[in-house]
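First up is the structure itself, then whatever we jot down about it.
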Amino acid sequence: MKEYKDTLNLNTTTFSMKGNLSVNEPKTYAKWQEQQAFKRMQNRKDHHGDFTLHDGPPYANGHLHLGHALNKILKDIVVKREYFKGKKVYFTPGWDCHGLPIEQQILEQLEKEKTSLENPTLFREKCRDHAKKFLEIQKNEFLQLGVLGDFEDPYKTMDFKFEASIYRALVEVAKKGLLKERHKPIYWSYACESALAEAEVEYKMKKSPSIFVAFGLKKESLEKLKIKKASLVIWTTTPWTLCANVAIALKKDALYALTQKGYLVAKALHEKLVALGVVDSKITHEFNANDLEYLVATNPLNQRDSLVILGEHVSLEDGTGAVHTAPGHGEDDYHLGLKYHLEVLMPVDEKGCYDESIIHKKLLDESYLGEHIFKAQKRIMEQLGDSLLLEQEIEHSYPHCWRTHKPVIYRATTQWFILMDEPFIQNDGSQKTLREVALNAIEKVEFVPSSGKNRLKIMIENRPDWCLSRQRKWGVPLAFFIDKRTNKPCFESEVLEHAANLFEEKGCDVWWEYDIKDLLPPSCQDNAKHYEKVMHILDVWFDSASTFKAVLEDYHGEKGKSPSNVVLEGSDQHRGWFQSSLLLGCILNNQAPFKKVITHGFIVDEKGEKMSKSKGNVVSLDNLLKKHGSDVVRLWVAFNDYQNDLRVSQTFFTQTEQHYKKFRNTLKFLLANFSDMDLKNLERSHDFSPLDHFLLETLETISNEVNSVFEEHDFVKGLNILMAFVTNELSGIYLDACKDSLYCDSISSEKRQAIQMVLLVVASKLCYFLAPILTHTIEEVLEHSEVLCAFLQAKDVFDLKDINVLEKLHLKECKKPENFEALLALRSAFNEELDRLKKEGVVKNSLECTIEVEEKALCENLVEELLMVSSVGSANEKISETPTFTLFKAPFFKCPRCWRFKSELENTPCKRCKQVLKERQ
């Protein structure tokens, strides 16, 4: 029997089924760099507006992990999506270069080398070199992810111009009257010997002592109440602060019960305390808290006086209703202390050890000098003697330093703060507080997910003043001079601008290198003898908060692009970068520095647990890239609900690889089957069949859906729509039905050429939607298809744009045939019956069948194509009968070329195939 395989249109494509991504992607990216692809994205002429995504800076320390990849890939997808929509895009990657982690790395290095480095400039030089090293490492690792941006000129917070911009932002804060030096309690990390901002504190579970202590009322107070004996009972989980107690706060207007044994507690808590065994049950007297104000008790630890005061923060839900008050160790205590003019005792040094003030102030005996506060607690509790009514251990949520993961303490020190509740002049001349301006600004920002708005609002409503100063070396200095004559900072414009210019020219190391005279402008140098330098550095959150100013307003390539269209970071940045940027934007410009905030979750293992080296559940980014390639990692990011935590395991990436293969193989099939198209046919109109119209209408519908959800940055929903279309309507229905025409019709067949145009349009749409995600792969698709490039008028992926299907195909509308749903129902029932017949050995495939359909209104050609039967009608040999159709053995012979049972003679081509063979001669 003659072979006809070579007469079929079994077209091929050079686009490989195997992507070999880890080998090919670096070559593609190198080509993009050589061709300056991102500059094309920035400088496109046919644009429809601008789009700026401002990059929240990662820290220039260590290698990238999967969390970094998630963040940067999402940003890249968002930026590319806007580019392919027709916009000029701006994305300058940046790095946060100052701060404690780098200092710690250098200190550890010096310790290993058994050397010390007292010279601050040399120490800062080592820090700078460390940041440079890891900045380059991370930059190259980002490039491996297929991320495009202005990597030739990224922003770095340690660049001289950038340091000057940060300092100028600080100067503006000072000039608006919002920067003040104050002595108040702040979060203090004894592990790194520095103040911490609220954003640098994380909460973890900690075991602490829980003690109830009796403070006996003094004789004069007892006489005032006309009682012989009474002790206020306080509850605390920080026994180490008892030596700094100066007051006991009660709840205003609340009732307090005196027990028979002389213990005074809130009546509302009496029964709870009896159950705990803290106090006895019999109540002998009741007092209103207001009548107890200004009584005096005795601290049993050091016999110092403790004033009875009233406080709004006192709870009647737990404790005793009598709150131990030490203004040096708590925010509420401090503010209440201001009201009552209480002494602020601070007997703890920067290392968390008791200092000499315990002796001078007679707070503790000298045996505690130099002892760490947490170590001293056991002795303190022993020293309380009978005044310690109950000692327990509790596990509770406690603030920890986010860098060292050690507990932090509240410690009153002199620091610099940005004031949240100090009115300052707005652009319209009115006066509002920073808190008010920030809360108003939030209302004008779009949040994805929307819950982010309320989360940020609550944080702004409740946050304290922003502690800016740090007692470290590697950072931008709080470069102010204190006038020793007035003890006030010098905020003269000439002095401040001179310092900023020095920083811009020589870097802010000069603050440590130069004498005061050399830091002053010539006209002010006579005052040098009256000045002293502030030697604190700035909170690194102020560095990163000011990035919008440097990048979008001052000197960078994106100048004039503030506020940015989008910022996109992890959900923890509501308390970090989003918040600090918002506050600084509201100070400098009376508005948020961004229009939209998008947040993503965190990377966790397949059980939902946080990844850590100790657990052995870390998935290596480097290994993933080597095994799967960056486009698979990018598809994994996009195919997940990134707004929640993302679970990771090798299994998830294997599943993603299957999704990738489905898209790739579909594109390969499409490319192969329109590869023989005559380019002259691309612009003319075609006669599209009802089946073509079905697919085109479906394509239009899903395109609108995908555009809509992609606009909301819901990439997983969009990809699921695309995958369902590719699997069901495209592969499962249309391509199955069209293979006969594609393979067996004449190349000049109008029907086949119309199908090819449909495939071309589908490929165009898939490339457009997938390009922001699978950029390497879509570049490869275009490299291997002259026809697709000609159709799209694109030489590479960066020329891609969306197409109007109707315009491209010269159609007024795409409308699927009437009764098409009935056809699909018939197809489903037919396939079910066909499976039964195959199992019973009656037929081997659908082509052996002829079908007679009860619903006569159904188009015969469509029935034949969709069901892939050889003909529609009746025949002699009935093989099956159902309520909706009857199946017969096809009455003709099998065509040896197309395999349909349409030949009149055995081993002879059918009429259609004879005509095609004749044309091929």
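The backbone N, Cα and C atoms fix where each Cβ goes, glycine too.
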Which residue range, 58-68, 355-365, 454-464, 828-838, is the one Swiss-Prot calls motif ''HIGH' region'?
58-68
Looking at 330-334, 395-399, 610-614, which one does Swiss-Prot call motif ''KMSKS' region'?
610-614
Excluding Cys895, Cys898, Cys910, Cys913 themselves, which residues in that chain have a Cβ inside 8 Å of the centre of the Cβ atoms defining the Zn(2+) site?
Cys744, Pro896, Arg897, Trp899, Arg900, Lys902, Ser903, Pro909, Lys911, Arg912, Lys914
Let's check the environment of Cys895 (Zn(2+) binding site): how many other CB atoms sit within 10 Å of its CB?
23
List the same-chain residues at least 6 positions away in sequence whose Cβ sits under 8 Å from the Cβ of Cys910 (Zn(2+) binding site), in sequence order, or say none.
Phe892, Cys895, Arg897, Cys898, Arg900, Lys902, Ser903
When the motif ''HIGH' region' (58-68) is classified with DSSP, how many of its residues are helical, how many are strand and how many are coil?
3 helix, 1 strand, 7 coil
Give the distance between the Cα atoms of Cys913 (Zn(2+) binding site) and Glu569 (L-isoleucyl-5'-AMP binding site), rounded to the nearest whole Å.
60
What kind of secondary structure is Cys910 (Zn(2+) binding site) part of, going by DSSP in three states?
coil
Non-local Cβ contacts of Glu569 (L-isoleucyl-5'-AMP binding site) (under 8 Å, 6 or more apart, same chain)?
Gly56, Asn71, Gly576, Trp577, Phe578, Thr599, His600
